[in-house]
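J.: First the structure, then my questions, so here it is.
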């Protein structure tokens, strides 16, 4: 609840901010482009209701619904379990309980851990395992990029709160801090979770599977990296129940961790690039090049486009496409868009 | 050679194109921003020599040198081989030749295939394997994102040539086609390579390791997905020599394949988003919001920024930072940059 309140107050603050900068969120509709189909307009209006600050909405809407991803995962694992259960006599190795082994085998296969403590032993089982691991990899990609990101985004606020506990940051400051150092907090968050998962896994293997501490840690590392030599694995009933949840979450968590390291690295590089581009000396030829409308002066917006191109954030193709659209909207061909252009393009 | 010629002629064509659009590549230097350090300016000038079309250079310079990545990989595998060779008596399983097994074990561990046909059998060996697999995953990330991308970018031209073989495209058309459908050709390229690797692997296991065809294919799938149950693996000397190269290339290739599928998906979504944003009706409040300098008219550049923000290509933060830099450059505070602004900011 507190989090929702904080978001709401930041949203209203930002709304004010954009109002000052000439950006209103009251949207009256008017005709300009003739290419919009009624269906497209509808979708857009629905989106705008969800996202009151469009187009500068700072809270990215997660592309997949979290529930949708969890459901997909459940269906996938459920389907795998059913199939592997029906052909359970074509799978050889250390068995415990029919259904349990089928889920365990599905998870171990899907995450590509592949201990080898249970292996397919018929053409049908082998073929099915091949198909299952390929589709599992694709699904893991979706889960890692979508659902996990969604959870982490939500949890970041807690991380910032924990870090600045002594300094009593207000909810708005927390949200701003999260926004500025997004990737850093994601990394801290996932790194912390990973440590917890490693410790829990090691302790579990030590206590329940009765491995010695070194072997337990070795098995944990071998599992979360999806190496899965298979000399140590989960062989008891309790162990396999635990493994189903633990393997899924820890392998996803490590992949996510590496993803965020890469993201942080990219963000740092982009920041450095930005600094370099903005601190570079400006030349006469830069002025000529930046002058988009050819009126011999470079306005702020032209300067912004020129520099963003130099930073590699946008490319000439993006600019050209939007420029064409601008020409279509500019009904009186004056080189500027005014209210009269909108009036003219309005039917009747 | 032909490829280099084609690139050169496309470059000159593009140079002409940008000249028409007011973008010159003759660069005279002049002072504006006072924050550039001599070191930074130097780096930038060096970059410009390499990239004659900056800032719209269409041939992205690969971030890592390809040789550098191969060297890194060689050092990493060499180091692993040496260590595992020295502790070879602490590794149990199917042995063939000391050095060969050490390289094979390094590759199987680094790629997280982890068959389990060779497993560490002492605390030292286990610890080392743990460290090796973690660092290997990080390295694999670099290899997949950098080196492979670099190779594929170079090979794309061949793919387009092969596809349009009958139609006799000139070198410029080929390069343009590559530029427009970059991701599509990357995907075709890597997909084709993957198929070849799967077939070669299956045939090899069938002929040299004497598996039946189904088992050979099953072992191939189990390997390239890094599942590595380990019930089927490379156990002969010849098999392990082959495996060293084949496992490295095929696992990287599959990862790359999934990466390009994701990239293609993102590109398609972006194209759809662009279409939606540009075909949307323009309203009076849009005009107000797009008017960056507050002069009541929306010029082309302002429109471009507004729409690119709506597409999510840039955000308000990017724009604000560059706007600040603009204000610093605008010596006479006129709201426009002209040659006189550059003169004024030049230290006599």
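Glycine residues also receive a Cβ, built from the backbone N, Cα and C atoms like all the rest.
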J.: Need the matching range: TrEMBL marks transmembrane segment on one of A:8-27, A:28-47, A:48-67, A:68-87, and I'd like to know which.
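T.: Of the candidate stretches, TrEMBL labels A:68-87 as transmembrane segment.
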J.: Ranges A:243-266, A:267-290, A:291-314: which does TrEMBL label transmembrane segment?
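T.: It is A:243-266 that TrEMBL describes as transmembrane segment.
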J.: Residues sitting near the transmembrane segment (A:187-208): Cβ under 8 Å, six or more positions beyond its termini, same chain?
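T.: Here the qualifying positions are 148, 152, 155-156, 159, 163, 215-217, 219-221, 223-224, 232, 234, 236, 238-239, 242, 246, 249-250, 253-254, 256-257, 260-261, 264.
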